[in-house]
Amino acid sequence: MSIILWSFFLFFTIILSSLTNITTLASFSSLHADELNALKEIATTLGIKRLNLRDEDPCSSKTLKIIQEVDFVPNLDINNTIGCDCSFNNNTICRITELALKTMSLRGKLPPELTKLPYLKSIELCRNYLSGTIPMEWAKMAYLTSISVCANNLSGNLPAGLQNFKNLTFLGVEGNQFSGPIPDELGNLTSLTGLELASNKFTGILPGTLARLVNLERVRICDNNFTGIIPAYIGNWTRLQKLHLYASGLTGPIPDAVVRLENLLELSLSDTTGIKSFPNLSSKGLKRLILRNVGLSGPIPSYIWNLTDLKILDLSFNKLNGIVQGVQNPPKNIYLTGNLLSGNIESGGLLNSQSYIDLSYNNFSWSSSCQKGSTINTYQSSYSKNNLTGLPPCAVPANCKKYQRFLHINCGGEEVSIRNSLGKITYQTDNSRQTNAASNQQFDYWGVSNTGDFTDDNSDHDEYYTSTNLTLSGDYPDLYKTARRSALSLVYYAFCLENGNYNVKLHFMEIQFSDKEVYSRLGRRIFDVYVQGKLFLRDFNINKEANGNMKPVIKEINATVTNHMLEIRLYWAGKGTTLIPKRGNYGPLISAISLCHSQEPLCGVEKTKHHIKYPLILGASGALVTIVLLAVGIYARGIYRRDNNRRERDLRAQGLQTVCFSWRQLQTATNNFDQANKLGEGGFGSVFKGELSDGTIIAVKQLSSKSSQGNREFVNEIGMISGLNHPNLVKLYGCCVERDQLLLVYEYMENNSLALALFGQNSLKLDWAARQKICVGIARGLEFLHDGSAMRMVHRDIKTTNVLLDTDLNAKISDFGLARLHEAEHTHISTKVAGTIGYMAPEYALWGQLTEKADVYSFGVVAMEIVSGKSNTKQQGNADSVSLINWALTLQQTGDILEIVDRMLEGEFNRSEAVRMIKVALVCTNSSPSLRPTMSEAVKMLEGEIEITQVMSDPGIYGHDWSISKLRDIDTHSSSSTSGVTDQTTTTMKSSVSGCDLYPLYPESMILNSTVENSSSSL
């Protein structure tokens, strides 16, 4: 018996010892020394400043201990994960198989040193600020199956060497700056199951080699610039479950082979053309079907309502007609807005569901007692008109008791009061949290209609407002702490308005992309803005317009109200990033809205009441003196007011809400226009520095009494400047029209003019980054004048003295005294020449032909002066060089183009940016106007978004040397600067452009409504 017990004891001892040894081996397994050293190199390339590998083995902690910089902002979305296989060398050695460093704002490059982790299977580096491209060295990693580098600053072409990544099953490069065509070699990655190329700058047609990718299950190629039709070979991807093509650039029709894909769960296609008939989709398991703004016509096929798994159906902004009925189990989200659907929707059963349903902009009929559901959007859904066109009978009061002339809304926020020099303005609250995917909320004189859900965020509880706790700068920061947003379409409409002309101000600030998280700067929110059904802003990007996040930008437009309603629509056309700072962040966003009748100068200002006690005047003689004095005062005041009212009528005629300063205010601000405060001479007269009582520093332009311009030109300048708000235009605060004085009040620019910064005796030391920023800023300002403002405008005198610099060296264009409205129907205006020799385009100076291309020429000269630090008005280079531009052309031919770069930079400049700026300057100063780019194209060239067209030298009569010489002759021998041109204005009609708008937010349904109403009323 004892032998048996002893045997059992020995057996259990051996088993226990074995288990202890295994545990000991596992506990002492550690990362291979080579890979430990490799991590240090990888961290350096990624831009990690300090990496702690001493305290704990990475495979044990399953993370990298990174010591962040001081300004690092903690982020709950950070994913810092290391995956290891510790089965090597009898479970004592670990090898890294997975590396995830996501949402960390790393600023380095993709590390080729990852090849020193030979067992690596997965690379995840999303949401950083990494630059460069995908290293071809990674192809050596035999086990690599997944590359995810979304939301970075990677650029260039996708490398053709991708074919060497033979085992790759997932490639995700969404949200970068990749450009060029997709390489044919991508079709060799036949193991791919996931391919995400969205939100880049890819161009060209999709190569036919992609037909080989038969294992693909999900594809995202949205928000690119592809060309051609949707390829039929997508039908080869028989395992495909998710296909997202919105705003890709591809056009219809949808090939039959694609329609027959049976495993499709999600099909998203939007904002394109060529898809006229509804596809007969084979997949019965569809969960998401988006065919938005693609040109569909005819009725909605009945099989759609029988797809039991369908959760999201978006058929908005097409030409679908017919009746919607027989719907038993509708999808959770249905968007039918902007079609021609008709019938009595109340009898169809659709409204009895719990779905979110958008019926806006259709031709449905409603009873007078129609019920408004909290999840049903009925705005503009009926052809039954009432006194407020387009709203269902139950949606508005029978009659407007009072007509309003102004409205202020704090979008997404509480009631806010702001103060300006005239008094207090109150912005109404818009903080209702009842907004949903298909809602129409209505208040006393306005309403807001919302369409769409953020499908990418995988959440059933979307929020349609946002806010920030950060301290904001700029004027009236309280207006920008909140904002309302939408996933597709956001409409603000005002009703019971007095008819007439209105000034509409739209306030924007990007508060969802924070500069504190570096990767968030890469976010691009792009949407379109329509006012009264007309496209006002296409591809509007708040960040780009404001030159950064958390900066305000105001867009103004003049609109006409004829039916007591005004409508503002913001629409997402599928462009921009959708995954920064996280999935589901896209679509329009707006902070505040203000609209004011042109004959309402106070625009809702609440006047402060002053109570004045008048002393009792005793005695008849005292009363008589008082009466006489009053009579004289009234007479004098009448003369003054008559003159002042005339000027104010001129201002009102232009629909302005300019702040009027008193003479006493400006006299006090400038210390009685003390010469010590004189800044210089402007286009009309002297300019003085001043300080208002609230501490605001201003620049006051005192118009010369000898100026030939006078009141009309004064009003003209106010008319053009006051309606323009842009970060790169000098802001006009207001004016003064007292005591026969005409004064303009501008923001004060601390660093004076660009001319002084470049050529002055005490010139600023502008480094290359400042010069690049200044040049791009000028370009953006001109782009706005030409194409971004409500009225297109030619400046006519762009030069370095008319570019001012603020404290942060932001460039702002000044002196619009020479500007002329550029009517959209005129190709050129021949008028008196007014400008500066050395900056004027040849066709303008010699023949008086004025187009935007004259400003483009002047900008090219200024750009060359910025890069060179030299003035174009002085001879440069050798004796054969007539001008700075001519010298640059000579250097380009000899291959010494960088010799023109300012030596003050001492070689410290970005060579590629310098070459780009020089080439842009040269193409802008082409002697032929037709060969110059537009300012919009020039901006994209400067930012590297498009190629720079080759400069064509012209030895003929328009040649640069001949033109400059002739201009100097004119400057010497002519004082009138008219070049023999009369001041008669001659016009030539502009040729029409392609008529089809891809984003018809007023589709035929709305046009037909208007036509029917107008025709019936004329009978």
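Yeah, the Cβs are placed from backbone N, Cα and C, and that goes for glycine too.
Per Swiss-Prot, the feature domain 'Protein kinase' maps to 673-946; the stated evidence is sequence analysis.
Taken from Swiss-Prot, the feature N-linked glycosylation site covers ASN21 (among others).
What Swiss-Prot records for ASN90 (among others) is N-linked glycosylation site, and it gives sequence analysis as the kind of evidence. According to DSSP, ASN90 (N-linked glycosylation site) is assigned to a helical segment.
Marked as N-linked glycosylation site by Swiss-Prot: ASN153 (among others). In sequence order, TYR129, LEU130, SER131, ASN176, GLN177, LEU522 are the residues of the chain that are 6 or more apart from ASN153 (N-linked glycosylation site) and have a CB within less than 8 Å of its CB. Classification of ASN153 (N-linked glycosylation site) by DSSP places it within a strand.
Remark: ASN167 (N-linked glycosylation site) has ALA142, TYR143, LEU144, THR145, SER191 as non-local neighbours, by Cβ distance under 8 Å and separation of at least 6 in sequence. The N-linked glycosylation site annotation in Swiss-Prot covers ASN167 (among others).
Sequence-distant neighbours of ASN188 (N-linked glycosylation site): residues of the same chain at least 6 apart with a C-beta under 8 Å from its C-beta are LEU162, GLN163, LYS166, THR209, ARG212. DSSP classifies ASN188 (N-linked glycosylation site) as helix under the three-state reduction. As annotated by Swiss-Prot, N-linked glycosylation site applies to ASN188 (among others), with the evidence given as sequence analysis.
Taken from Swiss-Prot, the feature N-linked glycosylation site covers ASN225 (among others). For ASN225 (N-linked glycosylation site), the number of other Cβ atoms no farther than 10 Å from its own Cβ, over all displayed protein chains, is 13.
According to Swiss-Prot, the feature N-linked glycosylation site maps to ASN236 (among others). Annotation for ASN236 (N-linked glycosylation site): spatial neighbours ALA211, ARG212, LEU213, VAL214, ALA257, criterion Cβ-Cβ under 8 Å with sequence separation of six or more. Look at ASN236 (N-linked glycosylation site): DSSP puts it in a helix.
When secondary structure is read from DSSP and collapsed to three states, ASN306 (N-linked glycosylation site) falls in the helix class. Within the same chain, no residue at least six positions away from ASN306 (N-linked glycosylation site) has a Cβ under 8 Å of its Cβ. Positions annotated as N-linked glycosylation site by Swiss-Prot, on the basis of sequence analysis: ASN306 (among others).
Swiss-Prot lists ASN363 (among others) with the feature N-linked glycosylation site. Reduced to three states, the DSSP call for ASN363 (N-linked glycosylation site) is strand.
Positions annotated as N-linked glycosylation site by Swiss-Prot, on the basis of sequence analysis: ASN387 (among others).
Within the same chain, no residue at least six positions away from ASN469 (N-linked glycosylation site) has a Cβ under 8 Å of its Cβ. Under DSSP, ASN469 (N-linked glycosylation site) is assigned to coil, being neither helix nor strand in the three-state scheme. Among the features that Swiss-Prot reports, N-linked glycosylation site is placed at ASN469 (among others), with the record citing sequence analysis.
According to its DSSP assignment, ASN558 (N-linked glycosylation site) is in a strand. Under the heading N-linked glycosylation site, Swiss-Prot lists ASN558 (among others).
According to Swiss-Prot, the phosphotyrosine annotation covers TYR746 (among others). In the three-state DSSP scheme, TYR746 (phosphotyrosine) falls into the strand class. Neighbour list (TYR746 (phosphotyrosine), Cβ cut-off 8 Å, at least 6 residues apart, same chain): ILE698, ALA699, VAL700, LYS701, VAL730, LYS731, LEU732, TYR733, SER814.
The phosphoserine feature in Swiss-Prot is assigned to SER830.
As annotated by Swiss-Prot, phosphothreonine applies to THR831 (among others).
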Next item on the list: Residue list, the repeat 'LRR 8' (263-283) vs rest of chain: Cβ under 8 Å, 6 or more residues beyond ends.
Entry: 222, 229, 238-254, 289-298, 300-301, 303, 320, 573-574, 996, 998-999
Check: Under an 8 Å Cβ to Cβ limit, what residues of the same chain, 6 or more beyond the ends of the repeat 'LRR 6' (214-236), are close to it?
Finding: 169, 174, 190-206, 208, 242-258, 260-261, 268, 274, 574-578
Item checked: For THR836 (phosphothreonine): DSSP state (helix, strand, coil) -> coil
Notebook entry, point to check: Which one of these stretches, 93-117, 143-165, 190-212, 284-307, has the most C-beta pairs shorter than 8 Å to the repeat 'LRR 11' (332-351)?
Noted result: 284-307
Notebook entry, point to check: Can you tell me the three-state DSSP label for ASN167 (N-linked glycosylation site)?
Noted result: coil
Check: For the recorded positions ASN90, ASN363, ASN558, THR836, which one has the sparsest Cβ surroundings, going by other Cβ atoms within 10 Å?
Finding: ASN90
Notebook entry, point to check: Rounded to an integer, what is the Cα-Cα distance in Å between ASN90 (N-linked glycosylation site) and THR836 (phosphothreonine)?
Noted result: 83
Checklist line | Spatially closest candidate among ASN225, ASN363, THR836, the listed recorded positions, to TYR844 (phosphotyrosine) (Cα to Cα) | finding: THR836
Next item on the list: Have a look at the recorded positions ASN363, ASN558, THR836 and say which one has the shortest Cα distance to ASN225 (N-linked glycosylation site).
Entry: ASN558
Item checked: Local Cβ density at TYR844 (phosphotyrosine) - other Cβ atoms counted within 10 Å -> 28
